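Working notes for the structure below.
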There are 4 protein chains.
Amino acid sequence: MAKSKFEYVKHFEQHQTLLRNTWIVVRIDGHGFHRFSAEHDFAKPNDIRALHLANEAARGVMLELNDIVFAYGESDEFSFVLKRDSTLFKRREAKIISTVASLFTAHYVVNWGKFMDGTAMKYPPSFDARAVCYPTNENLRDYISWRQADCHINNLYNTTFWALVLDTTATPPTTTTRAQEILKDTTSATKNELLFTKFNINYNMLPEIFRKGSILYRTREKVAVKEAQDGSSVEREKSLVHVGHFDVIGDEWWVNGSGASILR
Amino acid sequence: MAKSKFEYVKHFEQHQTLLRNTWIVVRIDGHGFHRFSAEHDFAKPNDIRALHLANEAARGVMLELNDIVFAYGESDEFSFVLKRDSTLFKRREAKIISTVASLFTAHYVVNWGKFMDGTAMKYPPSFDARAVCYPTNENLRDYISWRQADCHINNLYNTTFWALVLDTTATPPTTTTRAQEILKDTTSATKNELLFTKFNINYNMLPEIFRKGSILYRTREKVAVKEAQDGSSVEREKSLVHVGHFDVIGDEWWVNGSGASILR
Amino acid sequence: MAKSKFEYVKHFEQHQTLLRNTWIVVRIDGHGFHRFSAEHDFAKPNDIRALHLANEAARGVMLELNDIVFAYGESDEFSFVLKRDSTLFKRREAKIISTVASLFTAHYVVNWGKFMDGTAMKYPPSFDARAVCYPTNENLRDYISWRQADCHINNLYNTTFWALVLDTTATPPTTTTRAQEILKDTTSATKNELLFTKFNINYNMLPEIFRKGSILYRTREKVAVKEAQDGSSVEREKSLVHVGHFDVIGDEWWVNGSGASILR
Amino acid sequence: MAKSKFEYVKHFEQHQTLLRNTWIVVRIDGHGFHRFSAEHDFAKPNDIRALHLANEAARGVMLELNDIVFAYGESDEFSFVLKRDSTLFKRREAKIISTVASLFTAHYVVNWGKFMDGTAMKYPPSFDARAVCYPTNENLRDYISWRQADCHINNLYNTTFWALVLDTTATPPTTTTRAQEILKDTTSATKNELLFTKFNINYNMLPEIFRKGSILYRTREKVAVKEAQDGSSVEREKSLVHVGHFDVIGDEWWVNGSGASILR
């Protein structure tokens, strides 16, 4: 089609590409989710509905972008791992991160009603995204471990914090400021004990989705597919996305579980 | 809070910032909208509902991000201009483009039902985004001119193309391939004439939203605001976002219109 | 020529380009020059020979790279300004900065003997380089002003510092530590006065090359060129590189001097 | 020291860093060496003096920058490999490539007279540099193999080309254009045979420095160092830089040779 004399402005674009043969991790983060979760009355310390909604949104992203081989979610963040030989969008950083942020947002909004039982969306949520490259399997595993350790640390803190604040038997009620003081510089052991002795909560019995976060991964399975012409079925390989809540810091899942096929 | 030994992976992040004192243009583009518009029966050559929906989404982005001083939309794309001294997200490219893509998507999905009268959303749309810096006002105006010229060129072509293809009086009906052949290498004048003589369409009388695209800009207006305490009103300045469909290639709007306050 | 199967590694290159239509400033800096100047007995506070040598090296760079329209040098650093529409090496950052660093180094080493009268070079000097883009004339002028102000501030300090340290009449001699203490937090006025009252030095009478640094710029002049064929002369325009030591913070040179043709 | 109001321009700098935990390869290339080698009468197809000079310059670079663990040179180019955990200049790309280019140039110019026996330097040579990251040992080895394969391919071609052109027995003399025609699309085998039958040259007997290029690597060796105080000697480890000309495409040197300590 005809070109205009203004076309030269196109050449101001500077495309950044992500280094080849590295694991690309795209992490999306809720934008202003402190306020968003407050305005929409998310349960404290964890809103199971919101976690399932985020998982469904992440599943939507994975079903759209086949190069994502693994995803990990906790709180209002989700990390997506692209296989190291991915050539998605020619590894152009801007296209990759904006598409992941957009897809996640779209699925989050579309599925809101299905998961948030009756809570009206007061205003649309949004997510930012960034990409980081990891050159080795060890670096990638350490990244994932970093996020899962972060999930644990935050969740233990938040569980104890909200147990104190929401404790209706306390006179006077524990303020958030007071709860912060109580927990300042405490070890994991102390928080565990406090939960157990004072609130009769055995931390390790809490749902794994809270303590471990959510892992999404694929398997390829044989499925019977109806052929168009004559109605007969043939076997096809199909990629399935699974959601789990288990340890990904230790070697087990990466060596003997489905993780093995990711790092190979 | 406690740090894990995995924390080092954080230092693999490489933050790209956008050059200071330049106009930042973030352009979002519909991802796979050829298929998306077909699956959702968008009217051809233009679907007025979808254009209004996109404008509403863009308005949502501008109301959220105050540094955006101008936006231009056509078809499934929208360009957002941040003021040249913006320090939004410290001008970090990844945060800026992912947030704009996410916000636009969120508002597009949330407002779908309000604009697309009854058309069910079969699957969520998504948008990618890129950022480009323009050092001078002239470069910025040329960028905007480039998009508006593109809008005109595409719209004239599409209007003629679909007039041919949807022409029920033609025997045999004009195929899309045949329509492409007819229009190949034709000038604007030829297309205008063909529209007029054969279809009695005066191109210049078509709605401006189709021919000029959509311009979003702000004005600051005094509004009476009720004070909380005693119910009395005070005057406050408020930023309003307007939508228009007019020429932004010529100087008029930039010199004598609201555009003047943008480039100052 | 034949290609090897290893050729794929080429695609790991990531070319960064410098934004179009901006002033590119390449600043080179002496690497470890504190030690280098000590080992080669540079005079304190300024070694006029070393300054002339650096100017000659910068002139060599400008004669090689025609897109450099201005250069400013002080101490062991030099800034080169490429015209804003330069397409040198397609504005690839790596090529530009490495070539400027290499050319400057080459000319510095080659001309050493000519300027450093008899001082043997104990080991080769080296310089690093960086590129910065400036979108407006004002930003560029402010950059140049920044460096010239820096030259003045450093030179006034160093002149006073070395006057104290090299003062053979002081008993006991002023140590460098003591000199630092004396000058800590002093204003320009105080240093000027100290120089005048104690050492009878009128700072403003010191050579301009010390106080203002060195400015390199081009003029185009008509020169008579002998034609190869018949020995007759024709007039040709030729680019000449000049070295001056004058104020470039004020408007004078930029408006009425040779600087006017740079910013036009 | 006092700061000027112009200081803000500093914040326009955009520092690009090279991804952590990857091999950084800095390749320098002669700038305009076709002309430079012609003007300085470099022998064809290879000038042994110029190769030794380049090797000496590379050695100078390695002695200055301890993080360089390997270098490979051929013709007018040299590749330097930094260890993957290097934090040299905080991995800032601009500092790394400009410093390597500058150091190489300095040592090349300084050592010119020692190697180029009496050939006067007509004008200073210069070199550009680029950096590329390689995430795995395999990628790094393939990079090195790529350069050594390139050396072989070019050398075989050039040897045959110059044998034809410099052949004084040919009537009429073979022009460079004619030589290009003769060699167009020929295989290695054909060139080898032509060399042997026509010029009695056994390609495989040519010096390895021409056929394999130059490899520079370090070993750490115990050396007796005189202590300052009492003149007694102690054993210290010292890094030595070696130059060799051998195969680095095969595994031998990397597995059983000094290369093993690089990749570990």
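Just so you know, glycine gets a Cβ as well, placed from its N, Cα and C.
Within D:D47, D:D67, D:D76, the residue that TrEMBL lists together with D:D29, D:G30 for binding Mg(2+) 1 is D:D76. Between D:G32 (GTP binding site) and D:D76 (Mg(2+) 1 binding site), the C-alpha separation comes to 10 Å. Look at D:H31 (GTP binding site): DSSP puts it in coil.
Between the CA atoms of D:H31 (GTP binding site) and D:D76 (Mg(2+) 1 binding site) there is a gap of 9 Å. Taken residue by residue with DSSP, D:D76 (Mg(2+) 1 binding site) is part of neither helix nor strand, so it is coil. The record assigns D:D29, D:G30, D:H31, D:G32, D:F33, D:H34, D:S75, D:D76 to the GTP site; their largest pairwise CA distance measures 13 Å. Here the Cα atom of D:G30 (Mg(2+) 1 binding site) is found 9 Å from that of D:S75 (GTP binding site). In sequence order, the binding-site residues from D:D29, D:H31, D:H34, D:D76 that place a Cβ under 8 angstroms from a chain B Cβ amount to none.
With DSSP classes pooled into helix, strand and coil, the tally for the domain 'Thg1 C-terminal' (D:138-249) is 56 helix, 25 strand, 31 coil. Across the residues of the domain 'Thg1 C-terminal' (D:138-249), the predicted structure has a mean pLDDT of 93. Cα to Cα, D:H34 (GTP binding site) and D:D76 (Mg(2+) 1 binding site) are separated by 9 Å. Least crowded of the binding-site residues (D:H31, D:H34), judged by neighbouring Cβ atoms within 10 Å of its own Cβ: D:H34.
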